[in-house]
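S.K.: Per TrEMBL, the features are:
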- Cys83, Cys88, His165, His170: Zn(2+) binding site (BINDING)
Amino acid sequence: MALNGFLEFFQKGKTFRPKKRFTAGTIRYSLHKQAQASLQSGINLRQAVCLPEGENLNDWIAVHVVDFFNRINLIYGTVSEYCNETTCPTMSGGSRYEYLWADSENYKKPTSLPAPKYIELLMDWAEAQINNETVFPVSTDVPFPKTFPALSRKILTRLFRVFVHVYIHHFDRIVSIGAEAHVNTCYKHFYYFVQEFDLITSKELEPLHEMSAKICKD
């Protein structure tokens, strides 16, 4: 089954940075396993992203933010040796879209960067948010902060930009290693999730609009 192959591909752990994991015995770990089981069962991806009855929405979003962080790391890892300052001098998605980096610390103004540097900073920043227990609490005794929904939107929006860059500039590499179906399945899962909970604006989704219309038909 295609979905089983998809899961095997993403469980190889060959990321370009350490994989984030959930602690066994926690609510988040249980939800992660529930989400994985839904994918393995071959359930329709549109159904797989729906909030399970009785579960907390923030927990469900947190689980998926971490899972997508891991998977997009892996996807970029498969093309990273072909993405350098010479081949990709800007973080772009074709000629119409360029993404500028700002983080309120080292880059206080939006700055044009080579794609690999942008993605490195993006992943470092996202990892720091995920590891911050005041933002992503690991215990049900600690409530999610009021800023959690907005932060989740920001993380997912920035991760989407990696999809844009990979699809538009490095898809030939994805095809050459036989990962096209796996990457497309991951993208569909991501797309249905952010659509289900309105986590990325239509303007941000625009660079892959035509592709989304073609492959997201479940």
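Note that Cβ sites are derived from N, Cα and C of the backbone, with glycine treated the same way.
Please treat TrEMBL annotations as automatic predictions, because they have not gone through curation.
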S.K.: What residues, ordered by sequence, lie under 8 A Cβ-to-Cβ from His165 (Zn(2+) binding site) and sit at least six positions away in the same chain?
M.R.: Cys83, Cys88, Met91, Ser92, Gly93, Ala115, Ile119
S.K.: Enumerate the residues of the same chain, Cys83, Cys88, His165, His170 excluded, that satisfy the criterion Cβ within 8 A of the mean position of the Cβ atoms of the recorded Zn(2+) site; list them in sequence order.
M.R.: Val79, Tyr82, Thr87, Ala115, Pro116, Ile119, Val166, His169
